[in-house]
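Feature table excerpt (Swiss-Prot):
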- 1-380: domain 'FMN hydroxy acid dehydrogenase' (DOMAIN)
- Y24, Y129, R164, R278: substrate binding site (BINDING)
- S106, Q127, T155, K251, 306-330: FMN binding site (BINDING)
- H275: active site, proton acceptor (ACT_SITE)
Amino acid sequence: MIISSTFDYRKAAKRRLPPFLFHYIDGGAYAEETMRRNYADLQALALRQRILRQVGEVDLSIKLFDQRLNLPIVLAPVGLTGMYARRGEVKAARAAVAKGIPFTLSSVSVCSLAEVHAEVGSGFWFQLYVLKDRGFMRDVLERSWLAGVRTLVFTVDMPVPGARYRDAHSGMSGPYAGLRRILQAVVHPHWAWNVGIMGRPHDLGNVSTYLQKKITLEDYVGWLGANFDPSIGWSDLQWIRDFWKGKMILKGILDPQDAREAVQFGADGIVVSNHGGRQLDGVLSTARALPAIAEVVTGDLTILADSGVRSGLDVVRMIAQGADAVMIGRAFIYALAAAGEKGVMHLLDLFANEMRVAMTLTGVRAVKEITHESLASTDALNQ
């Protein structure tokens, strides 16, 4: 199969993965309207083509916090990445290091902080939810610091898990889910051998380390559901801000007022995000939400954005809308599932080449030159 885009990697991943895993990463909340709009609204942003601009060499690098990145891209935190390829978090982290960008380890990863650190050293980021078990939160923050993590991504848009209809149909949840997953693995022998058997242990590495017992995938949904805390407020995060001495990013901002409060709270950055359309269906796409947020907090903190990004062109669009850098999640998981570490590296090369073409044809030499003037019109998003 010829692979030339994220969409090709998606097709390859769909063939290779058992349905319960493919649809878990591919699906969204409820009727998936927001998930679809995330992509559609980005495509509605027309780039402003310019000619004879003497562009020459294009510089894709940026400085993000204290890191120099080769691309304005960060691999987003994705739970259970280690189920999409054998020791998937390690492979994705190695690919990110090879391409000079950060990898963000999810707190509900298969591979633990210690395992990832042993493979790639320091420099990766870590993601954490607000959970009822404050002991776990403190413990994992201490372990992440010892592993060399200096950037914490705090997910704030998940006080309760979103309802994802696809999961019940695919076997991730619903009646006879365990039996259905076993049957799916039988008819996907490559995944069953390479990941299902050779990729063990399949536990939540960071949680198991804290509880000192194996937390299997069967326990995954129950453990998360029991620990999400819908009663949290800004004051509940203050101890974390005081405790954590590194950079702190709040992920899941969609409203300008919340962005202002993030500045007042002392966040170093935000991720404008609707969780890839996986939490509350019917909310604004990131492409729609981003400009108003950028208008009120640009210069006060670093702005990242995710949701709907499938190409280097989409990265340029997000930056033109006000982002300093972009996170990608589904896209790199498709590549990881299809071709492992090399797949993620190839995907990032595709993104880089697409960015170079887009920047050259819009007349900009460096990422910092991408502005709202790089867009021809946003009328389609403002109707």
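Every residue gets a Cβ built from N, Cα and C, even glycine.
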Measuring Cα to Cα, how many angstrom lie between G322 (FMN binding site) and the residue listed as 'active site, proton acceptor'?
18
How would DSSP class R330 (FMN binding site) in three states?
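It is helical.
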Find the shortest Cα-Cα separation between D314 (FMN binding site) and the recorded positions Y129, R164, H275, and name the residue that gives it.
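It is H275, whose Cα lies nearest.
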Write down the Cα-Cα distance for R278 (substrate binding site) and R330 (FMN binding site), rounded and given in Å.
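R278 (substrate binding site) has its Cα 11 Å from the Cα of R330 (FMN binding site).
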Specify the nearest of the binding-site residues S106, D306, R310, M318, V326 to R278 (substrate binding site), where nearness means the distance between Cα atoms.
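Closest by Cα: D306.
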Between C-alpha atoms, which of these recorded positions comes nearest to R310 (FMN binding site): Y24, Y129, H275?
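Comparing Cα positions, the closest of these recorded positions turns out to be H275.
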In the predicted model, what is the mean pLDDT computed over the domain 'FMN hydroxy acid dehydrogenase' (1-380)?
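Summarising the domain 'FMN hydroxy acid dehydrogenase' (1-380) by its mean pLDDT gives 93.
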Taking only the residues the record lists as binding substrate, namely Y24, Y129, R164, R278, what is the largest Cα to Cα distance between any two of them, in Å to the nearest whole number?
19
Need the DSSP three-state call for D314 (FMN binding site) to compare against my parser.
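DSSP call for D314 (FMN binding site): helix.
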Distance between R164 (substrate binding site) and H275 (active site, proton acceptor) at the Cα atoms, whole Å?
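Here the two Cα atoms lie 12 Å apart.
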Cα distance, Y24 (substrate binding site) to V326 (FMN binding site), nearest Å?
22
List the residues of the same chain that sit at least 6 positions away from S106 (FMN binding site) in sequence and have their Cβ under 8 Å from its Cβ, in sequence order, or write 'none'.
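In sequence order, P77, V78, G79, L80, T81, E89, Q127 meet the Cβ cut-off.
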Relative to the Cβ of Y24 (substrate binding site), which residues of the same chain, six or more apart in sequence, are found under 8 Å away?
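In sequence order, the residues whose Cβ lies under 8 Å from that of Y24 (substrate binding site) (at least 6 apart) are L80, R164, R166, D167, S170, M172.
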For Y24 (substrate binding site), what is the secondary structure by DSSP, using just helix, strand and coil?
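Y24 (substrate binding site) sits in a helix per DSSP.
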In whole Å, note down how far the CA of H275 (active site, proton acceptor) lies from the CA of M318 (FMN binding site).
16
